[in-house]
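**Q** Pulled these features from TrEMBL for this protein:
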TRANSMEM  33-55  transmembrane segment
TRANSMEM  96-119  transmembrane segment
TRANSMEM  126-146  transmembrane segment
TRANSMEM  152-168  transmembrane segment
TRANSMEM  189-208  transmembrane segment
Amino acid sequence: MNGNLLLRRKGRVDWLQESIQLLQKLQRKHGSALLFLLAIAVTGLFFGGVVAGQIPHPEQMILDNRLQNLISDVTNHQLASSKELLWQRLSADGRLLALLWLLGLSIIGIPIIILLLFLRAFSTGFAIGYTILHFGVKGLWIAMLGIFLHEFLAYSTLLAAALTAIRFSKTILIQKIQLSDLIVRALRFTGYFIVYLGGLAIADWVQASVVPHLLASLF
């Protein structure tokens, strides 16, 4: 009995050590590219928040009305069904993921991938900044539950997809690869993106099924 317990503990320790070694290996291999993409994301969030505070008054009125209508729909449970919301979000995020996949297969896709990540972060920063600036503490809760929660999950997945696409595009650009090897790598690359689609599905399910209930509890 004690022997089995020791073996289990040893197995857990070995698994933990292997996981740490894997993370260290990934950091050495992808660290610089990941830091660069994170810097792009932070820059996009920052500029989005700055622009949110510079909107002319007529545009502010339009956005205020839209946000108030959204809050009213959430409060009165008049939003579309969770399945419809999930399909809408997954369709939009899935198209972006498919575009990243396509750009990863291209030798000129890296600058566009970086631009897409910046624009996604910019739109998120704008939405969060505007909601907080114009609705105060109430807006902070709306931004955290209604925007940040979903975007954190979705953007993390898109960041991983962008990193994979950039590395694959860089490999095509720099290395001379035989056609058979290229096909194998492309299939593996596609497999990663299928996994990423699953990650987006989880993020969008949270947005469609969990977030409306969290927001409704605030009002």
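Placed from the backbone N, Cα and C atoms, the Cβ positions cover glycine too.
No curator has checked TrEMBL annotations; they are predicted automatically.
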**Q** Counting only residues 6+ away from its ends, which parts of the chain sit with a Cβ under 8 Å from the transmembrane segment (96-119)?
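**A** Tertiary neighbours of the transmembrane segment (96-119) are 37, 40-41, 43-44, 158-159, 161-162, 164-166, 168-170, 172-173, 186, 189-190, 193, 196-197, 200.
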**Q** Are there residues at least 6 beyond the ends of the transmembrane segment (189-208) whose Cβ is under 8 Å from a Cβ of it, and what are they?
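**A** Distal contacts: 82-83, 85-86, 89-90, 93-94, 97, 100-101, 104-105, 149-150, 153-154, 156-158, 160-161, 164, 168.
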**Q** Report, as numbers and ranges, every residue of the chain located at least six residues beyond the transmembrane segment (126-146) whose Cβ falls under 8 Å of a Cβ in that stretch; write 'none' if there are none.
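**A** Contacts of the transmembrane segment (126-146) (Cβ under 8 Å, skipping residues fewer than 6 from its ends): 45, 48-53, 55, 60, 63-64, 67, 71, 211, 214-215, 218.
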